[in-house]
Structures are given as C-alpha cells and as structure tokens.
C-alpha cells in the first residue's frame, strides 16, 4: 500500500478546532485560550483560526446534546433543508460548513486540525480519513521531532462514500487524539503535550509552505478493520468487560487465543480471529453507547512518496 503524490500548494487557510466533543477538555480549553490569545497560532505564511466546535455541549460538559457532531458533517446533513426540529449538532454542522467550507468546494479551508481526548490508553494518535501523503509526512515529522514519544497514525476510512467528521469539511484535515484522560477532566500533562504538538504541526505546515524538501520514507500505520462489541446477555446488557490482559494495551498485538473479555461469571472470552490484530480505543467510555469495546486494526508498512519541492513565494494570510 502506498499513498498518492500530494499537492505542494501552500496551506493558507488553516483552522484548529477544539470541543467537537464537549467533555474532551484539552481541546476545549486550548480553543478557549486561543480565541482570547490567537498569537500562538500565527506563523509567517498563515494564521490558524481557533474554533470552539460545539459550544452548547462544551457549556454542558457533555459529549453532545442531540447527536455526535463528529458524525454529523455529511453532505446529506449539510445540504438538507433546515427545520426547527433539527438536532442541535446538525444545525452546528451547517454553521461550521459556512465557516470552514463549503464542504467539497474550492472555497473550503485548506486544512483543519481537530483536537480530541480519549479515555483509552492511545497515547498520541493522529487519525486520518485517507492515506494522503501530506498527513503521513506530518506524522513522520512529529515522530522525528519527538523520538521518545510514540506517535501513531490510525487510518479510519469511513465505510461508504460519505465522510462525516468536522475536519472533513475542509479540503484536508486530521484529528489529534490523546489519552488517557477522563471525560470532563483536564490533565495538565496532556494539556501541555497537546499544546506543544499543535505548535509542531503548525511549524510543519509553515515549513511545507516555505518549500521544505519532503523525501520519501517508510512507516508503519494502523488501518481500521472494524469494531468488537462487549459480550452481552439475551436482553442486551453487558455480560462482561474488557479483560485485564487487554486493558490499556492499545496498539499492541492481539493474537488468536488471547483473552479479550472477562465475563461476570468468571470465564475468559478469547480472541477467535485467524490473524494478529492491534486493538485501539480499548474500553473507550464514549463507545459504550455505540456497542464498541474496541476497534481492531491491522499494522501495515507503507511507502510514502516524496512531495515535490515548492518554490518559495510571498504568501500572506488572507
């Protein structure tokens, strides 16, 4: 698998969104801070625009009010006729589409960085909806800038034809996910780390805009294979939970025959797949309602092509 060559047109319209989920507090408070102190997001060729994506859910300190905003930015929702009974997040998705889009047009923002926290032990994880070369080069840059801190890229290609995330409104985007952090809690270490990583990502965009050479390389990425539900009773209630041997081991190999769940009756449930997978978002609190105990991924080696050098030119923030 390899990604296609990407454009070297400079990225001048960049957004940093936080609070897409209103109880993921690093993004919430970074967005709030930058709305009052935007200088931290300025670079010579562009100034990233901070956005508090879901103000109502943020005020209520909940993931969402009516439906998941990060599943509501489809062209179907964005293009539908507004009604008074529309869910709040659908209304907000349309507002974000006016601000950052319109989705799928040349007028959309060049790049959106969406900030998230998870209760799972993912560490630093970039989530990309495509294997576009720029996103892989970005992840590689962060890995080289932070050799002691694992930074993994999780390729989450939506099933079907429609993308639905907040960053999908722009021409390109990526999600910066960090955990573990409880919902509604702000940890100083993760806050500082996310802030530093955002700075590094904006630095990379600036280097990209100025024509930095981006040679070809190889890297491991994790591609989503689907979800695994908890064991359940005939009535649909939980019959067990994540096994202690699996808990907190995100991005580590899970082999056939190894335990994945501990039933309340005491028995172990073993993984019955026929190949090694790499679980991600293990026991994520927000996924209980989605009937997801963890996501399965495959670890694949990709060859990322070089991006042709951009001849530096005078660029100013629009």
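Cβ coordinates come from backbone N, Cα and C, glycine included.
The region 'Hydrolytic domain' annotation in Swiss-Prot covers 1-210. As annotated by Swiss-Prot, Zn(2+) binding site applies to 21, 24, 116. As annotated by Swiss-Prot, substrate binding site applies to 63, 70, 71, 177, 287. Marked as region 'Shielding domain' by Swiss-Prot: 211-318. If you look up Swiss-Prot, you'll see 317 marked as phosphothreonine.
This view paints the features noted in Swiss-Prot onto the structure.
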residue : record                 : Cβ neighbours (10 Å)
21      : Zn(2+) binding site    : 27
24      : Zn(2+) binding site    : 28
63      : substrate binding site : 20
70      : substrate binding site : 22
71      : substrate binding site : 16
116     : Zn(2+) binding site    : 25
177     : substrate binding site : 24
287     : substrate binding site : 20
Beyond the listed site residues 63, 70, 71, 177, 287, identify every same-chain residue whose Cβ lies within 8 Å of the center of their Cβ atoms for the substrate site.
20, 21, 68, 116, 286
Could you check which of the binding-site residues 21, 24, 116 is the closest Cα neighbour of residue 70 (substrate binding site)?
21
Which are the residues of the chain, 21, 24, 116 excluded, whose CB is within 8 A of where the CB atoms of the Zn(2+) site average out, their centroid?
19, 20, 23, 27, 63, 70, 115, 117, 118
Mind checking how the region 'Shielding domain' (211-318) divides into helix, strand and coil residues in DSSP?
3 helix, 41 strand, 64 coil
Just to confirm my parser: what is the rounded mean pLDDT across the region 'Hydrolytic domain' (1-210)?
95
Where residue 71 (substrate binding site) and residue 116 (Zn(2+) binding site) are concerned, what is their Cα separation in Å, rounded?
14
Inter-residue Cα distance where the pair is residue 287 (substrate binding site) and residue 24 (Zn(2+) binding site), in Å:
14
I'm trying to understand the geometry here, so how far is the Cα atom of residue 287 (substrate binding site) from the Cα atom of residue 116 (Zn(2+) binding site), in Å to the nearest whole number?
14
Let me know the DSSP-derived helix, strand or coil state of residue 63 (substrate binding site), please.
coil
